[in-house]
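Data first, discussion second: the structure below is written as structure tokens.
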Amino acid sequence: MAASIDGVLPATLQELVKKSKVLVVGAGGIGCEVLKNLVLSGFTQIEIIDLDTIDLSNLNRQFLFHREHVGKSKARVARESALSFNPDANITAYHDSVTSTDYGVNFFKKFDVVLSALDNRAARNHVNRMCLNADVPLIESGTSGYNGQVELIKRGLTQCYECTPKEKQRSFPGCTIRNTPSEPIHCIVWAKHLFNQLFGESVEDEDISPDSADPEAQNESVTAEAKAADGAGDVAMEDKENDKEQEKSTEAESEGEPKNNGNVVRINTRQWAKDCNYDAGKLFNKFFNEDINYLLRMSNLWKSRKAPVPVQWDTLLPDGTKAAEAPEFARQHHKVWTVEECAHVFANALKELSAAFLKLEGSDTLVWDKDDQPAMDFVAACANVRSHIFDIERKSRFEIKSMAGNIIPAIATTNAITAGISVMRAFSVLQSKWEQCKAVYARLRLNGRQQFLVADTFFPPPNPNCYVCASDPAITLRIDTKRIQVKAFRDDVLIKTLNMVNPDVTVEATGSIVISSEEGETECNEQKLLSEMNIVDGVILKCDDFFQSYELSIIISHFDAERDDVLFEVIADKSQLQPKQEEKPKEDSEEQSSTSRKRPANGSDIADDGPSTSKRTRLPEVEDDDDDCLVIEEDDDVQEIVNTKTEQLTVKSPPKVAIKRKPDNLTDDENITEILDSSDEEDVGPTKSKRTKLNDSQPNEVISID
Amino acid sequence: MKMDVDNKPGDAGVELTEAENELYDRQIRLWGLESQKRLRTANILISGLNGLGAEITKNIILSGVNLVKLHDEQLVSEADFCSQFLAPRESLGSNRAEASLTRARALNPMVDISADTEPLKEKTADFFRQFDVVVINGQSNEELLRIDGICRELGVRFYATDVWGMFGFYFASLQKHSYVEDTFKYKLISKPNEKQKFETVATPVQREVEYPAYSSWIDFDLNAATYQRKLKKDGPGIILLRVLQSFRSQHNRDPSYKTRDADIELLQKIRDELAPNSALSNDALGLLFAQISPAAAVVGGVVAQEVIKVVTKMEAPHRNLFLFNPETCMGYVESVGVN
């Protein structure tokens with residue numbers, strides 16, 4: 001304990017370490033390391049919070065946890081282990097979410113410095129707002145593979161965490177998932193939806209059956225016929241205005257007569273599967289034969305696309321071939337299974353999952369977990385069969401797990417280095433040596449100055465248009481007001497996208513209350529479309545999240561969403577509102593940036609774990625607990641670093657290519673390294689670093705969160 | 001540089017077990033199965049179980065190597081509690097390597113971990129030849145030269161490393177080292193009429209690089225005119241390293257917090273003799289006592305990552321002198337004795 005031994009630390013630092021109160025948010029890969037460094041340095045007043053429990057795959061780096069701790073609270077076990085390093089420390093552990101209302105601004109005000117070691121953007125955004133409000137310096141850190149990052153966030157001095165736009169999480173229109181997949185990720189998302197339809201919590205926008213409401217399939221007699229013949233129509237039409245469709249589907253439900261042809265009503269998919277006794281052949285044929293045949297009848301879809309080829313259970317697994325109980329290949333996670341093998345795995349996983357499901361009581365459901373073997377097997381098998389049908393490259397279970405679980409690769413060394421720098425920065429913060437607190441990036445390869453732990457040369461100034469730390473924050477919201485209900489506006493836009501916790505919303509001009517934080521007060525509005533509430537183009541909404549002490553004006557800009565559009569988009573700067581002209585200014589500013597070498601180029605986030613918030617199909621939210629970040633670096637002699645804030649990686653789907661806009665000025669010696677994702681380990685080689693030249697940071701860029 | 005890639009399945013063609021696949025999942029997703037198999041056959045010596053030694057040990061054990069030998073003849077002291085988290089409080093006064101065993105083993109039951117307490121000076125080629133990589137920490141230059149000489153004869157990879165307070169370094173003596181790394185090219189993927197789009201293509205390339213002996217650092221002339229410009233650019237870390245190593249050989253110990261002020265004066269004196277008018281400030285000399293945990297974590301993380309690179313033959317190990325600047329938190333590499 002450096003600070004309790006006189007003479008080890010300089011006297012001023014020694015005193016500060018002894019008397020300071022520190023909050024560590026997150027007890028994962030970085031958090032464990034930070035906690036160790038803190039207690040050994042002699043901090044005695046430490047609080048640590050983490051809502052997670054310990055998983056086996058944590059143990060390769062979260063060294064405060066051992067095998068016997070699996071399943072226990074990270075925060076509590078981390079506390080116990082750290083106390084064994086220094087029994088004199090006082091550590092308070094909270095097994096809880098930092099976004100819980102128990103930890104308000106006054107809680108944050110207790111601390112001299114907050115060290116954040118989180119793994120998801122929502123919590124980072126929240127801690128950012130709390131520290132800004134409480135005016136407590138925040139040391140934000142993250143890692144992804146070989147890349148790490150530590151930065152100070154201090155009100156008035158630095159950018160806040162939300163000053164720079166983050167890359168949106170990729171999300172996919174429902175039509176792509178249900179009707180026209182073209183990439184492995186589409187099939188993986190579909191397979192996860194299928195899991196939920198059968199065993200999980202039924203989510204409205206996770207239908208897996210063909211979508212006959214696909215605009216591209218419209219104006220087509222065959223489709224109309226198909227629809228009529230189908231009877232049940234399509235429940236999953238997002239357009240709830242279509243009451244007749246709704247009625248029809250309700251009828252079908254009450255009759256309990258699932259149609260073999262195409263759209264079985266969503267709720268009934270589950271019941272139907274149960275009624276079939278989870279017969280692998282029947283289920284397989286419905287999802288991979290009948291539904292595909294139904295899709296083929298929407299012939300418009302296949303005019304410019306390769307048509308899918310349905311597969312049949314009997315031909316894959318002819319009669320009498322009983323799926324072996326535990327076939328050898330099912331454990332070969334790095335092998336790409338054949339379609340026949342997938343059918344085997346499907347059958348076995350179905351058996352296990354249905355047994356587990358039937359044991360549940362009442363309305364309990366299974367929760368998909370990438371680390372649950374049958375659940376992961378099921379998704380891998382179904383995704384690959386569907387990929388086969390649509391002539392998409394099949395993937396190994398290992399690769400599918402990366403994509404389905406949004407897994408960020410993580411190693412002990414990067415976490416140790418990053419956490420070490422984080423606590424070194426805490427020393428400087430406590431001594432108010434702000435000039436020594438510039439952001440630091442750890443990476444695999446040297447830059448042109450022979451550095452691989454690289455510090456920014458100055459603090460990038462706060463973004464005057466930041467919708468969090470600007471004095472009077474406002475955003476423009478492009479939104480289809482005719483298709484989004486108040487509830488979805490609250491859940492998807494305000495909570496998931498803008499990271500509010502419990503917002504109140506009023507119309508600025510009239511003062512009428514749209515959403516109240518008091519339970520039940522505005523329930524009657526929830527199912528109404530925004531347009532029905534007279535929230536239309538040009539209306540300004542005042543949003544206030546009391547818990548975060550966060551106020552925001554939202555200027556509504558209506559647009560009619562098309563087939564492949566997401567239903568809303570947040571735009572931080574009004575001047576960016578012309579989406580079609582967006583490309584041009586981007587290129588310009590990139591050119592500027594390549595000439596203005598002194599820019600620290602901090603920003604330009606390209607990763608997100610953040611909840612995607614389309615009303616349509618969204619990617620699974622991050623289920624991983626890893627520390628994460630994404631760092632894009634450009635090395636050159638004058639040290640220009642394009643970096644990104646640390647985030648869970650978005651699932652990027654293969655082909656694993658980074659699209660570069662202007663490669664001309666790049667040579668092989670310029671090290672622009674982007675770790676794109678974790679899924680491409682196996683085939684290309686060891687380091688999955690890809691290069692890409694991203695647009696330089698553009699504070700005013702569209703925050704395209706969809 | 002050879003352009004063809006060595007695709008031989010390492011020394012370990014054996015598949016990983018399911019337990020290994022699960023435990024190492026997150027790192028296999030970074031460096032691949034082949035690397036993990038290579039790690040599984042690697043035998044590592046870590047000599048000097050101070051705070052830095054503990055950090056290196058932790059990271060190496062977590063990575064899943066075959067065997068780690070913890071070597072130390074010294075006893076656990078009060079100063080160790082600033083960063084040596086493997087030795088429990090109650091082990092004060094017992095051998096540092098032995099005191100670290102229980103916690104080291106708990107980090108990863110799949111790794112073979114043992115302690116050796118015999119004096120390093122008595123260790124000969126027979127001892128060092130058991131290892132693929134040897135990491136020596138806290139030794140005099142004479143001893144480092146001796147061991148590096150033995151290792152180079154045996155073909156064993158050698159790392160010398162130290163942390164003083166918040167400052168640290170390593171020196172890599174790898175002889176001829178071959179490794180694979182990705183190179184990147186851009187490929188036009190858009191059609192002629194479209195806006196230009198490129199994809200990056202990664203190609204693994206095998207390279208071979210020569211790493212000079214530790215003697216090249218002893219022989220390195222800080223005051224050479226040709227080096228002055230670079231010295232100015234990179235800061236005084238390299239001078240500080242020389243000052244600290246001179247202190248160690250002159251006084252047969254490191255600066256001690258118990259005699260903090262007197263030792264700072266001794267350091268100043270050495271500094272002024274070695275590199276008069278250098279940028280090495282008095283403030284920096286106040287950060288050199290015991291081993292401060294976060295700095296030991298940074299240097300220990302870097303050293304362990306280099307050992308992993310060497311074992312997996314993946315990516316270029318930095319060549320060849322690493323320095324960590326505690327004020328800026330910059331970590332950079334000097335090429336010493338490299339043409």
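Each residue, glycine too, has its Cβ placed from N, Cα and C.
Listed in TrEMBL:
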DOMAIN    A:11-446  domain 'THIF-type NAD/FAD binding fold'
BINDING   A:Cys160, A:Cys163, A:Cys466, A:Cys469  Zn(2+) binding site
ACT_SITE  A:Cys175  active site, glycyl thioester intermediate
REGION    A:205-266  region 'Disordered'
REGION    A:576-706  region 'Disordered'
COMPBIAS  A:641-651  compositional bias 'Polar residues'
COMPBIAS  A:695-706  compositional bias 'Polar residues'
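The Zn(2+) site, placed at the center of the C-beta atoms of A:Cys160, A:Cys163, A:Cys466, A:Cys469, has further neighbours from the same chain whose C-beta lies within 8 angstroms: A:Leu132, A:Gln159, A:Tyr161, A:Glu162, A:Pro462, A:Asn463, A:Val468, A:Ala470. Mean model confidence for the domain 'THIF-type NAD/FAD binding fold' (A:11-446) is a pLDDT of 86. Within 10 Å of the C-beta atom of A:Cys163 (Zn(2+) binding site) sit 26 other C-beta atoms, taking all shown protein chains into account. Spatially close to A:Cys160 (Zn(2+) binding site) yet at least six residues away along the chain are A:Asn128, A:Leu132, A:Ile153, A:Pro462, A:Cys466, A:Val468, A:Cys469, judged by Cβ distances under 8 angstroms. All chains included, 19 other C-beta atoms sit within 10 angstroms of the C-beta of A:Cys466 (Zn(2+) binding site). Cα-Cα distance from A:Cys163 (Zn(2+) binding site) to A:Cys175 (active site, glycyl thioester intermediate): 34 Å (rounded to the nearest whole number). The Cβ of the residue listed as 'active site, glycyl thioester intermediate' has A:Asp211, A:Asp214, A:Pro215, A:Glu216, A:Arg563, A:Asp564 as same-chain neighbours under 8 Å, each 6 or more residues away in sequence. Taking the Cβ of A:Cys469 (Zn(2+) binding site) as centre and 10 Å as the limit, one finds 21 other Cβ atoms among all the protein chains shown.
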